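Sequence annotations record features per position, and here TrEMBL assigns substrate binding site to ARG121, 144-147, 210-212, 263-266, ARG447, 458-459. Feature annotation from TrEMBL assigns ATP binding site to GLU140, LYS302, 361-370, TYR372, 395-398, GLU422, LYS449, ASP455. Taken from TrEMBL, the feature Mg(2+) binding site applies to GLU140, ASN142, GLU365. According to TrEMBL, the feature domain 'Glutathione synthase substrate-binding' maps to 200-299.
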Amino acid sequence: MAQGIPDEVLMNTALIKDLADVAKDAALLQGVLMRAQETLVSYAPFTLFPTPVPKAVFLQALAVQTHYNTLVDRISQDSEFLQEALASTIEVDDFTARLFRIHQQILKEGRSQSIVLGLNRSDFMLDQKDGQAASLKQIEINTIAASFGGLSSQTPDLHRLVLKVAGRLEESRRILNNNPAAGLAGGIAKAWELYGSERAVIMFLVEENQRNIFDHRYVENELWKRNIRTIRRRFEDVSKTGTLDDNKNLFVDGQEVAVVYFRNGYMPQNYMSEQSWDTRLLMERSRAVKCPDISTHLAGTKKVQQVLARPGVLERFFPGQPQVVEQIRATFAGLYTLDMGPEGDTTVEMALAEPDKFVLKPQREGGGNNIYGSEICQVLEGMKDSTERMAYILMDKIHPRPVQNYLLRQDAPLKVSNCLSELGVFGAYVRQGKEMVMNECVGHLLRTKSSEHSDGGVAAGVAVLDNPLLI
Ligand code: ADP
Ligand code: MG
Ligand code: MG
């Protein structure tokens, strides 16, 4: 492995066993934690070693982030674009259609809050054909509930320690500091300040089963450090005690809410009843700052991503800024429509002819929803002449170069795996009316999985936390 971890370390079984023990204890001490069950806490899964990432592409990913922030924010304000981009999708995808209905209702009533807070994570893989340099390609952008900004603040020290114990002091110095939790909290704090009520709280809208609570806690703690109160509530809690006053101020349990930070609400199963939908609408209508608001949520759909890749579309959002357009477009993989018509028919033919070259994606989040390989043929054959296909997009499959590593997770045997990594970059921005008052790149996340799995994130139990080792 070029400038990574040498084979003499990777294949030294006794050393690896020692390192794994050191690493697991360090993860517990360092607070790299996840709930296993309600009362049981374990370390969050992570790699034993950091993964080599070329410095140039790493810096490229950081550099494009503020432009992605601007792009998402501009899309969210362009209701005509959203309407056109999502028209076919919402005909057949009920979940996106419901979100879109809320969006339209808010447009009709008029937005009651001019402060917008965006916390997102743009995910990339490095496409690497044999003998060629790695090329940075965006997998997707998450504009709602992007996770692991907290735990990834704690993993650099973990890998530094492992490398020191392994006698790799030089490599340990190449692990970058990273603190997305502080940057994400910085964005929330800015929005809270602009909201302008000292008593008002930040409400984390959380899921029923809070396995990843520690990740949230890092962000909460950063807010408490600034003397900003945070509360955690589920849809059900807000539905019971949430109200709007005459000025549309949102109160939950009698406390005024300045910011609703959604860490839930991104998949159909999160809305367990009609009441959850009513509650989402209540929050959207309120004067609380929503992170994200409904239009920013929609801007993060895979259909919007596909439409952005069409010729001329980025130019609409960056008129007179060809360099910005170039910088963003350079990170796009091939994305193809499955709308009805000749273009969509061509996509179907292309996918059926060479399914291994593509990924078929529905409008879903949270990992484990995409379709690969021969299954693409099965699924497409079944719907190729039906409007059902419009719920999906097709994307070029990215091929990163596999790297050997050990994936440490509770109750899994210690064995070397061929691994693929995905680099996430966190963005934070705040806009008030027309003015961007904050627009920052606030850190990164490397996640790694065994190449046996095509799909799935950390929460889905497939990927694990990692750190880039710049080469
Ligand atoms: P989700 O919103 O569910 O996270 P993603 O688009 O990130 O959806 O896809 C989930 C996972 O599938 C990614 O983390 C990655 O491992 C894999 N994947 C997605 N798109 C591609 C692609 N174009 N090439 C290779 N792998 C992909
Ligand atoms: Mg996603
Ligand atoms: Mg993803």
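Note: Cβ is positioned from N, Cα and C throughout, glycine not excepted.
Unlike curated entries, TrEMBL annotations are predicted automatically.
Locations of recorded TrEMBL features on the structure.
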residue	record	DSSP (3 states)
GLU140	ATP binding site	strand
SER147	substrate binding site	coil
ARG211	substrate binding site	coil
GLY265	substrate binding site	coil
PRO362	ATP binding site	strand
TYR372	ATP binding site	strand
LYS397	ATP binding site	coil
LYS449	ATP binding site	strand
ALA459	substrate binding site	coil
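Taking the Cα atom of each, ALA459 (substrate binding site) and GLY368 (ATP binding site) are about 10 angstrom apart.
Working note on the binding-site residues ALA145, ALA459: by count of other C-beta atoms within 10 Å of each C-beta, ALA145 ranks first.
Here the binding-site residues are GLU140, GLU365, and the one ringed by the most other CB atoms within 10 angstroms is GLU365. Secondary structure counts, DSSP: the domain 'Glutathione synthase substrate-binding' (200-299) has 41 helix, 25 strand, 34 coil. Selection of the binding-site residues GLU140, ASN142, ARG211, GLU365, LYS449 by a Cβ distance under 6 Å from ligand 2 yields, in sequence order, GLU140, ASN142, GLU365. When the Cα of GLY265 (substrate binding site) is compared against those of the binding-site residues ASN142, GLU365, GLY368, TYR372, the shortest separation belongs to GLU365. What surrounds the Mg(2+) site, by Cβ distance within 8 Å of the Cβ centroid and not counting GLU140, ASN142, GLU365, is the set ARG121, ASP123, ILE141, THR143, ILE144, ALA146, TYR266, GLY300, LYS302, GLY366 from the same chain. Cα spacing between TYR372 (ATP binding site) and ARG447 (substrate binding site): 20 Å, rounded to the nearest whole number. Rounded to a whole number, the distance between the Cα atoms of ASN142 (Mg(2+) binding site) and GLU365 (ATP binding site) is 8 Å. Here the binding-site residues are PRO362, GLY368; the one with the fewest Cβ atoms within 10 Å of its Cβ is GLY368.
Close to PRO362 (ATP binding site), meaning Cα to Cα within 10 A, are none of the binding-site residues out of ASN142, ALA145, SER147, ARG447. Less than 6 Å separates the Cβ from ligand 1 in the case of GLU140, drawn from the binding-site residues ARG121, GLU140, ARG263, TYR372 in sequence order.
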